[in-house]
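Below you'll find the structure, written out as structure tokens, and then a few comments.
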Amino acid sequence: MASIKERTYIMVKPDGVQRGLVGNIIARFEGRGFKLIALKLVHATPEHLEKHYADLKGKPFFPGLIKYMALGPVVAMVWEGLDAVKTGRVMLGATNPLASAPGTIRGDFALAVGRNICHGSDSVENAEKEIALWFPEGVVQHELTLSTWVFE
Ligand code: UDP
Ligand code: MG
């Protein structure tokens, strides 16, 4: 059964920050009922980004991806809630924005796979790894009073 304590790592990429989409993306996760437990603006080094995307090393687009992600600061976030990993991916849309449904973040704001404005963990295991990589200092434990109204 999906856990209400599931966590996912969501990141607004440099193009999303430059295009002023941070608030819109946060509003979608807040509005859906997820709980924000970590957030920071960080201009990541290529070395850090290579760790984040280690699984993609060797792909032809890898060097371009690292350059793109190092162009400017990203907004790193951890969101918690029911089925957060899978639901977060659905909210992002397909990797290639041309295939993303309208109503998703990429489907509403992006056209190119190499400028697709957001990242979301693809499994609970990878979410844990990504959260540890981006937030070695840990996340904030807190209760939202609205939990009773979002979860049964
Ligand atoms: N990417 C790309 N070209 C491709 C596939 C991926 O530039 O053909 C970029 C794109 O920005 C994508 C990121 O690499 O978001 C990571 O790829 P992944 O397959 O993990 O997609 P995601 O999990 O972000 O949907
Ligand atoms: Mg991925």
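Glycine is no exception: its Cβ is also placed from the backbone N, Cα and C atoms.
TrEMBL does not curate its annotations; it predicts them automatically.
Here's what TrEMBL has on this protein:
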- 5-142: domain 'Nucleoside diphosphate kinase-like' (DOMAIN)
- Lys13, Phe61, Arg89, Thr95, Arg106, Asn116: ATP binding site (BINDING)
- His119: active site, pros-phosphohistidine intermediate (ACT_SITE)
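TrEMBL feature annotations superimposed on the structure.
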| residue | record | Cβ contacts under 8 Å, 6 or more apart |
| --- | --- | --- |
| Lys13 | ATP binding site | Tyr68, Met69, Val74, Asn116, Ile117, Cys118, His119 |
| Phe61 | ATP binding site | Gly114 |
| Arg89 | ATP binding site | Gly120, Ser121, Asp122 |
| Thr95 | ATP binding site | Val113, Asn116 |
| Arg106 | ATP binding site | Leu92, Gly93, Ala94, Pro97, Ser100, Asn116, Ile117, Cys118 |
What are the DSSP helix, strand and coil residue counts for the domain 'Nucleoside diphosphate kinase-like' (5-142)?
65 helix, 26 strand, 47 coil
Around Asn116 (ATP binding site), how many other CB atoms lie within 10 A of its CB?
24
Taking ligand 1 as the reference, state which of the binding-site residues Lys13, Arg89, Arg106, Asn116 have a Cβ closer than 6 Å to one of its atoms.
Asn116
What mean pLDDT score does the domain 'Nucleoside diphosphate kinase-like' (5-142) have in the model?
98
Span of the ATP site, taken as the largest CA to CA distance across Lys13, Phe61, Arg89, Thr95, Arg106, Asn116 (Å, rounded to a whole number):
21
Near His119 (active site, pros-phosphohistidine intermediate), how many other Cβ atoms are within 10 Å of its Cβ?
21
